[in-house]
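Colleague: As annotated by Swiss-Prot, active site, proton donor applies to His88, with the evidence given as sequence analysis. Among the features that Swiss-Prot reports, 5-amino-6-(D-ribitylamino)uracil binding site is placed at Phe22, Ala56, Phe57, Glu58, Thr80, Val81, Ile82, Phe113, with the record citing sequence analysis. Here Swiss-Prot flags Ser85, Thr86, Arg127 as (2S)-2-hydroxy-3-oxobutyl phosphate binding site.
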Amino acid sequence: MAIITGNLVATELKFGIVCARFNDFINDKLLSGAIDTLVRHGASESDIDTAWVPGAFEIPLVAKKMAESGKYDAVICLGTVIRGSTTHYDYVCNEAAKGIGAVSLQTGVPVIFGVLTTENIEQAIERAGTKAGNKGSECALGAIEMVNVLKGL
């Protein structure tokens, strides 16, 4: 029986990051966490490209273009959606999640979901480098591992 695992070595891997501008005071921290983690695991900063989009809803299209380009081993999607007083939150969260998941399945490229979906600003801040760690960093680890798992198949 074969057991296939992915290591956390990012040397010579190329990463695309799609980051939403809306709620950038949170997303900047997610992006910094992702880049720092990729570099700490061997990626070169010159092998990391970041595309900024208006908001979480726009992430899937740019993620798809990056994944289809053949330039990237993985794409990391970062954003923050904070619940407000309308149903807009539900639509944005659902469509971003479905779109990002579909890109990975359609292209065969690991596309990592790093869009925070929180009830309030405090929860978002906690997940961007305080009490609950940095989800951008966690997504970078997931991207590295998935690339290496796929290489082992």
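Just so it is clear, glycine is given a Cβ too, placed from its N, Cα and C backbone atoms.
How buried are these features, and what lies next to them?
Modeller: With a cut-off of 8 Å between CB atoms and residues at least 6 apart in sequence, the same chain places nothing near His88 (active site, proton donor). DSSP classifies His88 (active site, proton donor) as helix under the three-state reduction.
Phe57 (5-amino-6-(D-ribitylamino)uracil binding site): 20 other CB atoms within 10 A of its CB, across all protein chains.
Counted within 10 Å of its Cβ, the other Cβ atoms near Thr86 ((2S)-2-hydroxy-3-oxobutyl phosphate binding site) come to 8, all protein chains included.
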Colleague: What is the interatomic distance between the Cα atoms of Glu58 (5-amino-6-(D-ribitylamino)uracil binding site) and Arg127 ((2S)-2-hydroxy-3-oxobutyl phosphate binding site), given in whole Å?
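Modeller: Arg127 ((2S)-2-hydroxy-3-oxobutyl phosphate binding site) has its Cα 21 Å from the Cα of Glu58 (5-amino-6-(D-ribitylamino)uracil binding site).
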Colleague: Looking only at Phe22, Ala56, Phe57, Glu58, Thr80, Val81, Ile82, Phe113, the residues listed as binding 5-amino-6-(D-ribitylamino)uracil, what is the longest Cα to Cα distance in Å?
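Modeller: Largest pairwise Cα separation, rounded: 16 Å.
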Colleague: Record lists Ser85, Thr86, Arg127 as binding (2S)-2-hydroxy-3-oxobutyl phosphate; longest Cα-Cα distance in Å?
Modeller: 23
Colleague: Quick one: give me the count of other CB atoms within 10 A of the CB of Phe113 (5-amino-6-(D-ribitylamino)uracil binding site).
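Modeller: Result for Phe113 (5-amino-6-(D-ribitylamino)uracil binding site): 20 neighbouring Cβ atoms inside 10 Å.
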